[in-house]
Amino acid sequence: MSRDDVQRWKDKYLENIEQQERLQRRWDARIDLLRRGLVRSSLAAEGSDKAVDQCMKELREILRRDDMDAGLSGLIPRLEKAVLDSEQRRQQRTQQNIDALGELAQQLLALDLPRELRKPLKQFARDIEERARQSREIPILLSELSRLQRQALAERKGGDAEDGRPSLLQRLFGGKESETTAEPSASVPSVVAASNTPIQPAAAAPSLPVAEHDEAPGGPPQPLPARTVAAIESAPAGWVGVAERGEPNQILLDEPREIWLDSLPLPAGLSFSETLEEAGAEPSPAMPADVESAPEAPATPVDNLDGQAVDEAYELPPPIPEPGYSAVAPHIEASLLRLLDGLSLPSSHQPQAEALRERIDGSLNWYELVPVLDDLAVLVLSLADSGQRDFEEYLRQLNERLESFLGHLGDAHAGYTDVLDNARGFDQSLREQVSGLQASVQQATDLNSLKLAVDSRLNGLLASMDEHQREQAEHEQEVSGRLQALMERVNSMEQDAKAFHSHLEDQRQKALTDPLTGLPNRAALSERLEQEVARRHRDGGDLLLAVLDIDHFKRINDDFGHLAGDKVLKIIAGELRKRLRQADFIARFGGEEFVVLLPATSLEAGRQLLERLRAAIAACPFHFKGEPLSITCSAGITAFEGNEAGEAVFERADQALYRAKRAGRDRLEVA
């Protein structure tokens, strides 16, 4: 092997080693991204149960210590048990809420109410089972129950006023009319008429009170049965019952004149604090009975408060206040599916990937998230190993093809040697035949013997020529077959090389593109900056570099949510890109910062262009729920001087940007 071949193979080996190191760095970055996703997911899963929160805290500690093998093997069983226990407790609390709300609704249905009030109350009782299983519906159910109870009490109060019934205090302490009444039980029929249906208390509800036992006329007072006494002692304040004469154990309800939902005695297992705390909402204020609920506003406003038309493309999505897992589950599933789609898995790992995709797609709950992430980490690690194996397989196939080429070259050389041998043999045969013919002519004594000798020699010449042609045809056919096979191998290698080059180019474009805005990223900026600096050193001319930063972008994320921030970045990136020239270059440097390269542009022309870009961003009609929202940006611009490196010029433009920030933002500084 020559020295050039040795150097060429050495260069190929070094290039492949460098490529392998780049792949290793890429996989390290993906593993770090997966670890960060685990930490964010554990934070999103907190807040529902103390035991689960402790496991999530331990999970983050394990990820920080990078002790995933031993740490996760001990944590996962405890986490699964804590998740199952938490789910059981949540279901028990939900069932207690359903039972308690149902009992309250049944107590109201037991009253003598008009049909127009009983109908929504029955509908409410039928909907409790389904709606109360969602914690966000609990405050709404309590508000509806409060409104229905207020209407029922108002209806009963109106009926009592029409019947001329005495007030509650008059019945408790007696009045002028009761002193002159001869019959002590005269007030009993009015109470019975107001509530003529005995109410049987539910098993989980507190016992209803019993009224004072009226003294029967014509006889001494009789002692109350033990069960009635127990009911009186356990009766809560605010309830007055009247027992019909002769039936001391039958309980009748006389409700107070003014009572709110939170003053009712709640059945066992239901409390406002626990219910609202689980639902994550504050108690809804009571709604007056005569106030109808206003219709909901349209989802997409057409006009803002000033009556101006707004553009739906610039509408920011509403913020999500501390979402639970159910709110962030679609985002987590989409992120995991995108990560899974981005993995170039070999065919041997496709079944595991499809099984993992089925587990993620549409049915992932938060206590299955950790096992899914573990399996995804295994796939990522196996893909890194697979990349190493693919590279080794590629080198092996390359060696085999080189050996095949060497074999074809050896065969071609052997064929060439055979052709030379055949040519020399044919020449020798011709010379022998001609020499024999000459000798026969000289030795012939008569014409007949000469004729026979010449004929014999000519036949020998023809036979030698036929043999030579046959061998030549066989050799040509063999060489043609070898050339055809060699051409097929060369075509196959060309196709493989094109596919490999196309795949590398696709991966390169993905690596140089920001996935959120579609602009070139920092790596693409570094590559383009080197090209522009080299061009300027070679050809001369002007070259400007500008850095733009969105003002108060953190406040946008905090006030309106990260989805709104992402939408702002996409819109601003589109506005900047469509207003730049074809020769200009813009990249997202990171966060809310953008970098612009302006070749062949003077400093004054670049300043005017940056001012137009800032004005275009400020003119974007951003709005949130119909309210206009002003978003501005600050910028710093500078020009290359002499043989400056790109890093020094970028630092100067960055300092100009910070001067604009310190000077009040929404301005351009020239360095």
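Along the chain as shown, the residues are counted starting at 1.
In case you wondered, yes, glycine gets a Cβ from its N, Cα and C as well.
Going by Swiss-Prot, these are the annotated features:
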ACT_SITE  E592  active site
BINDING   D549, E592  Mg(2+) binding site
BINDING   N557, H562, D566  substrate binding site
REGION    204-223  region 'Disordered'
REGION    278-298  region 'Disordered'
SITE      K554  site 'Transition state stabilizer'
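Shown here: features listed in Swiss-Prot, placed on the structure.
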residue: D549; record: Mg(2+) binding site; CB count, 10 Å: 20
residue: K554; record: site 'Transition state stabilizer'; CB count, 10 Å: 11
residue: N557; record: substrate binding site; CB count, 10 Å: 17
residue: H562; record: substrate binding site; CB count, 10 Å: 14
residue: D566; record: substrate binding site; CB count, 10 Å: 14
residue: E592; record: active site; CB count, 10 Å: 20
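Distance noted between the C-alpha atoms of K554 (site 'Transition state stabilizer') and D566 (substrate binding site) is 12 Å.
According to DSSP, N557 (substrate binding site) sits within a helical segment.
D549 (Mg(2+) binding site) falls within a strand when secondary structure is assigned with DSSP. Checked against the residue listed as 'active site', the binding-site residues D549, N557, H562, D566 differ in C-alpha distance, with D549 being the nearest. Report note: the substrate site is defined by N557, H562, D566, and the residues of the same chain whose CB lies within 8 Å of the CB centroid of those residues, excluding them, are I556, F560, G561, L563, A564, G565.
On the backbone, the CA of H562 (substrate binding site) and the CA of D549 (Mg(2+) binding site) stand 17 Å apart.
Separating the Cα atoms of D549 (Mg(2+) binding site) and D566 (substrate binding site) is a whole-number distance of 14 Å.
DSSP assigns E592 (active site) to coil in the three-state reduction, outside any helix or strand.
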